[in-house]
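A short write-up of the structure that comes next.
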């Protein structure tokens with residue numbers, strides 16, 4: 001890839017139309033990133049330390065916390081350094097790595113939401129067989145499968161983007177290396193890369209969304225058949241956090257990648273929300289709506305002499 005390109009480094013132009021606001025944005029974004037790391041780490045430590053949370057549902061929630069921390073860390077540190085006034089340059093190899101891991105972790109999150117929907121479907125529609133169907137071996141296989149599928153998906157997108165030659169200019173009109181910002185800089189025909197990346201992202205998103213939709217349709221039918229009002233309320237409460245997280249994840253994907261002519265400014269705003277706000281919200285969504293997690297987190301904080309969660 002490097003031999004076909006004259007460009008050895010790219011210049012990240014950052015967030016458009018924010019000249020002179022770098023310090024303000026740094027002060028605004030840093031707490032979001034810190035809360036993302038702290039919140040997801042708290043969820044992960046709580047799940048690992050509480051025996052009652054060693055179930056498939058919380059196993060996948062722990063995986064989601066790891067991916068949220070990693071996903072946010074792919075782009076946010078470089079953006080914060082740029083906002084501090086440090087160099088906006090990123091080497092060719094680092095740009096390749098950033099794009100690969102961004103789509104690798106982003107696709108894993110989509111696959112994880114699908115697996116979590118299947119887990120909720122099994123728990124609600126087949127409660128007597130749940131422990132047999134979702135045994136530790138199956139859970140581990142599903143988790144590893146998300147890694148492998150994410151790697152294949154991201155490898156295709158990365159190869160399509162960086163097998164193209166980049167002869168200059170090297171100014172990326174974005175705050176990180178991503179396909180829509182890099183393809184206009186290629187000095188070759190990018191129509192194949194655009195079509196395949198659009199199809200690839202669209203296919204992964206559509207298949208995952210349809211599987212989630214099927215799972216929750218079956219879940220809704222099963223919940224409506226529960227005779228007690230309290231039983232229906234508890235079942236809906238268990239699934240509502242997952243549905244909120246899914247809406248927060250799929251909205252940005254549709255806005256940024258599945259539009260024929262996306263608005264650059266709108267895409268940047270949505271990307272910031274996806275990189276900073278989404279990963280920070282997941283711990284709040286799952287913690288505030290889940291009594292088991294709040295109880296376990298209280299115990300962890302009590303043991304470490306911190307203020308308990310209300």
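Easy rule for this one: first residue shown is 1, then count along the chain.
From the backbone N, Cα and C atoms, a Cβ is placed for every residue, glycine too.
What you see is a predicted model, and the numbers here were worked out from it, not measured in a lab.
The transmembrane segment annotation in TrEMBL covers 24-48 (among others). Remote same-chain partners of the transmembrane segment (24-48), defined as residues 6 or more beyond its termini with a Cβ less than 8 Å from a stretch Cβ, comprise 15, 18, 54, 58-59, 61-62, 65-66, 68-69, 72-73, 76-77, 79-80, 83-84, 272, 276-277, 279-280, 282-284, 286-287, 293, 296-297, 300.
Residues or ranges marked as domain 'G-protein coupled receptors family 1 profile' in TrEMBL: 39-286.
With a cut-off of 8 Å between Cβ atoms, the residues of this chain six or more beyond the transmembrane segment (60-80) that come close are 12, 14, 26, 29-30, 33, 36-37, 40-41, 43-44, 47-48, 90, 98, 101-102, 105-106, 108-109, 112, 115-116, 119, 139, 142-143, 146, 175-176, 275-276, 278-280, 282-283, 286. Taken from TrEMBL, the feature transmembrane segment covers 60-80 (among others).
For the transmembrane segment (100-118), the list of distant contacts is 57, 60-61, 63-64, 67-68, 70-71, 74-75, 142-143, 145-147, 149-151, 153-155, 157-158, 176-178, 204-205, 208, 211-212, 215-216, 242, 245-246, 249-250, 253: same-chain residues at least six beyond its ends, Cβ to Cβ under 8 Å. The transmembrane segment annotation in TrEMBL covers 100-118 (among others).
What TrEMBL records for 138-162 (among others) is transmembrane segment. Counting residues 6+ beyond its ends, the transmembrane segment (138-162) has Cβ neighbours under 8 Å at 1, 56, 59-60, 63, 96, 99-101, 103-105, 107-108, 111-112, 115, 118, 179, 182-183, 192-193, 196-197, 200-201, 204 in the same chain.
Annotation comment: TrEMBL describes 201-224 (among others) as transmembrane segment.
TrEMBL lists 236-258 (among others) with the feature transmembrane segment.
Proximity of distant same-chain residues to the transmembrane segment (264-285), defined by a Cβ-Cβ separation under 8 Å and at least 6 residues beyond the stretch ends, is recorded for 15-17, 29, 32-33, 35-36, 39-40, 42-43, 64-65, 68-69, 71-72, 74-76, 173-176, 178, 180, 241, 244-245, 248-249, 251-252, 255-256. Look at TrEMBL and you will find 264-285 (among others) tagged as transmembrane segment.
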Stretch-averaged pLDDT - the domain 'G-protein coupled receptors family 1 profile' (39-286): 84
